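For reference, the structure discussed in these notes is given below.
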Amino acid sequence: MRTIFLLTLLTLAALCLSDLTDAKPSGPESDKAFMSKQEGNKVVNRLRRYLGASVPSPDPLEPTREQCELNPACDELSDQYGLKTAYKRIYGITI
């Protein structure tokens, strides 16, 4: 068992150290896989859209909040218990 293991290990070492695995293909096809530094920089440094200051999205509860502010009872309850609970107690509708 030990000899099989050593033989396998030596075979793998021979394959790793051989010059056949390190040989690079020579020809016009081998250069197509790589690009110059300038071409690479053009790809990496292209303009980045959508990275500017984003516009905050409108609050979906804003109309409800404005309607609740017009009613003094709802406004007082919203200060104590929160907008959703106050709106539900006054108007009976779940937001």
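A Cβ is built for glycine as well, from the same backbone N, Cα and C atoms used for every other residue.
Per Swiss-Prot, the features are:
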BINDING   Glu62  Ca(2+) 1 binding site
BINDING   Glu66, Glu69  Ca(2+) 2 binding site
BINDING   Glu69, Asp75  Ca(2+) 3 binding site
DISULFID  Cys68-Cys74  disulfide bond
DOMAIN    46-92  domain 'Gla'
MOD_RES   Glu62  4-carboxyglutamate
MOD_RES   Glu66  4-carboxyglutamate
MOD_RES   Glu69  4-carboxyglutamate
SIGNAL    1-23  signal peptide
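Structural mapping of features recorded in Swiss-Prot.
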{"residue": "Glu62", "record": "Ca(2+) 1 binding site", "DSSP (3 states)": "helix"}
{"residue": "Cys68", "record": "disulfide bond", "DSSP (3 states)": "helix"}
{"residue": "Cys74", "record": "disulfide bond", "DSSP (3 states)": "helix"}
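All chains included, 9 other C-beta atoms sit within 10 angstroms of the C-beta of Glu62 (Ca(2+) 1 binding site). Spacing of Cys74 (disulfide bond) relative to Glu66 (Ca(2+) 2 binding site) is 11 Å (Cα to Cα, whole number).
Scoring each of the binding-site residues (Glu66, Glu69, Asp75) by how many neighbouring Cβ atoms lie within 10 Å, the top position goes to Asp75. Candidates Glu62, Cys68, Glu69 (recorded positions) were compared with Asp75 (Ca(2+) 3 binding site); those inside 10 Å Cα-Cα are Cys68, Glu69. Taking CA atoms as the reference points, Glu69 (Ca(2+) 2 binding site) and the residue listed as 'Ca(2+) 1 binding site' are 10 Å apart. Each residue contributes its Cα atom, and for the residue listed as 'Ca(2+) 1 binding site' and Cys68 (disulfide bond) those atoms are 10 Å apart. Residues within less than 8 Å, Cβ to Cβ, of Cys68 (disulfide bond) and separated from it by at least 6 positions along the same chain comprise Cys74, Asp75, Ser78, Leu83, Ala86, Tyr87, Ile90.
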